[in-house]
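What Swiss-Prot says about this one:
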- 310-323: compositional bias 'Acidic residues' (COMPBIAS)
- Ser5: phosphoserine (MOD_RES)
- Ser132: phosphoserine (MOD_RES)
- Ser304: phosphoserine (MOD_RES)
- Thr315: phosphothreonine (MOD_RES)
- 296-323: region 'Disordered' (REGION)
Amino acid sequence: MYHNSSQKRHWTFASEEQLARLRADANRKFKCKAVANGKVLPNDPLFLEPHEEMTLCKYYEKRLLEFCSVFKPAMPRSVVGTACMYFKRFYLNNSVMEYHPRIIMLTCAFLACKVDEFNVSSPQFVGNLRESPLGQEKALEQILEYELLLIQQLNFHLIVHNPYRPFEGFLIDIKTRYPMLENPEILRKTADDFLSRIALTDAYLLYTPSQIALTAILSSASRAGITMESYLSESLMLKENRTCLSQLLDIMKSMRNLVKKYEPPRSEEVAILKQKLERCHSSDLALNMVTKKRKGYEDDDYVSKKPKQEEEEWTDDDLVDAL
């Protein structure tokens, strides 16, 4: 399972600082490519800085979760979690200046539906966009064009271990082996809220699914005034391993701090950065050096020859019916 997975080996990182370095490196590499192309200067004011890219990623990740939350038919939580993880992984090594997060977020959701075997047709999927039939068709063409790129950038590691299954497992375990808590279901709603909030942070890239699930349950218990330390020491048999117990408590504290310090992007800042992003993707700046590179394919047969203006007619406002 998780401990033998590609997620543990390749997509679980040691620290927030390591994630920041990866994102800064992706930003730097794109700037170098754009400058080498001869179209822009090294200090061009339209370049986005790493912290600006992060703000845009936060915004589009939130849009991704909103899109999934109102999706029809209802999207399983595992699919939502997988889509969210794909998005996080993609922008660890790629810049929003090269690949627009609007289409990447939809491609992540589309691919997650396939991988998690959520049976929804392509027309059904784009039917959730607030667009004309022609606009939905264009959006689907873009999604299909970017799908292989996304798979490649994920290094073909498509199986995602979400915290939802261990979360249910812990609740069952508490019901059967922890009689001190009569009705563990009272923890569910607040724990679900915690899982929704932590999904917006980098926790999925730093901690194991079971650690996230357990933190959600114990945080919910704490908010309800219920002490569950004895569950860790007795039921999970950590009483004799004080070092392991101490490490687990430190991890849970770090996760709670991640949630506390998360700041949603301010709408005013996002509006400015979105304008900057659109200029990065405009044909006159030519930061997307080669059309087929922008599409992510090396074979000309895969590349859509549609002009840029037609391709980008749909906008963020077209993402969902009910936002």
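Backbone N, Cα and C atoms are what each Cβ position is placed from, and that goes for glycine too.
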Which same-chain residues, if any, lie at least 6 apart from Ser5 (phosphoserine) yet have Cβ under 8 Å of it: Ile159, His161
Three-state secondary structure, which DSSP defines for Ser5 (phosphoserine): coil
Residues that sit under 8 angstroms from Ser132 (phosphoserine) by C-beta distance, when 6+ apart in the chain: none
Per DSSP, three-state class assigned to Ser132 (phosphoserine): coil
